[in-house]
Amino acid sequence: MNASRTPSPGTTAFIGGGNMARSLIGGLVAAGTDPAAIRVAEPDATARESLSSDFGVAVFADAAAAVEGADTWFFAVKPQVMRDVCAALSAVAQAQRPVVVSIAAGITSTQLDRWLGGGLPVVRTMPNTPALLGAGVTGLFANAAVDTAGRARAEALLSAAGETVWIEDETRMDAVTAVSGSGPAYVFLLAEAMEDAAKAQGLPDDAARTLVLQTVLGAARMLVESGEAPAELRRRVTSPGGTTQAAIETFEAGGLRTLVGAAIANATRRGGELSAAND
Ligand SMILES: NC(=O)C1=CN([C@@H]2O[C@H](COP(=O)(O)OP(=O)(O)OC[C@H]3O[C@@H](n4cnc5c(N)ncnc54)[C@H](OP(=O)(O)O)[C@@H]3O)[C@@H](O)[C@H]2O)C=CC1
Ligand SMILES: O=C(O)[C@@H]1CCC=N1
């Protein structure tokens, strides 16, 4: 445990130091946040050691020790353990009145507030793994107890991971999770399928990998940098009667749009189930 620093206002305690917390902490420190203002509770000793040595943050095995004096509590544990983790901290939460931020899929601001004893400002957020590169996007919802300073605090924490989008209706946070939280995996799945197809067409493994990766990167950059709609960019690749048209017709005939819609609807539904199952 590294408890040598004295917490002060502006200190954030991360509860859970796993994959997402690590990405977000790395982004914050890279963006100039003083590591002394970050405290992390993480049960795994190896993960604690690497957070401490890589980023210089204070690490703790015990969440109650990590939150001491921190005015923002950032919950980055799995939805399945959130209730117990919050319950163990509720007395301190009521005494300390932190701004609560969560990245857990499905878990609602009402549940977090209830488990922490009630009456707290809670910002429910949904980042994604490109946060690791500062290229993520996060949807944020603030409950009625969050003031302007609390919103700014949450936004500052998440903006180190990339773009931020405020969502006014919390019932839409499961859709945010389904679109952008899980979304990187859909792009990775497409890349996997394209790489397999490239090899099936006789391309060597390394050529298949490079062709797919650079195609995904180039297409993503065009989407972001050109200012054009996806449909227009697609139209420009698709010569009438050409190769792209043959592929697109195959995707459409196979019901790609319906399949994507069903996948995102299922992910959205699962968010609601995570909330109910862990209440
Ligand atoms: N992965 C993703 O793409 C995204 C994930 N999320 C959300 O982020 C959250 C974390 O996910 P992710 O980082 O992938 O998961 P991880 O399992 O990598 O991280 C969670 C960490 O919390 C630790 N932990 C468990 N119990 C406690 C406790 N009582 N006190 C402190 N730490 C504890 C776990 O330790 P141990 O393993 O030893 O139990 C683990 O290291 C989830 O709620 C998920 O829904 C949100 C957006 C995207
Ligand atoms: O799959 C999950 O449940 C988490 C939330 C979004 C991305 N990963």
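All positions are counted from 1 along the displayed chain.
Positions of Cβ are set from backbone N, Cα and C atoms, glycine also.
According to TrEMBL, the features are:
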- 13-106: domain 'Pyrroline-5-carboxylate reductase catalytic N-terminal' (DOMAIN)
- I15, G16, G17, G18, N19, M20, A76, V77, K78, P79: NADP(+) binding site (BINDING)
- 170-274: domain 'Pyrroline-5-carboxylate reductase dimerisation' (DOMAIN)
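With respect to ligand 2, the binding-site residues I15, G17, N19, A76, K78 contribute no residue with a C-beta closer than 6 angstroms to one of its atoms. Counting residue by residue with DSSP, the domain 'Pyrroline-5-carboxylate reductase dimerisation' (170-274) contains 89 helix, 0 strand, 16 coil. When the Cα positions of I15, G16, G17, G18, N19, M20, A76, V77, K78, P79 are compared pair by pair, the longest gap among these NADP(+)-binding residues is 14 Å. When the neighbouring Cβ atoms lying within 10 Å are counted for each of the binding-site residues (I15, A76), the highest count belongs to I15.
Helix, strand and coil content of the domain 'Pyrroline-5-carboxylate reductase catalytic N-terminal' (13-106), in residues and according to DSSP, is 49 helix, 18 strand, 27 coil. In the shown protein chains, 25 other C-beta atoms lie within 10 A of the C-beta of G17 (NADP(+) binding site). Here the domain 'Pyrroline-5-carboxylate reductase dimerisation' (170-274) returns a mean pLDDT of 98 for the predicted model.
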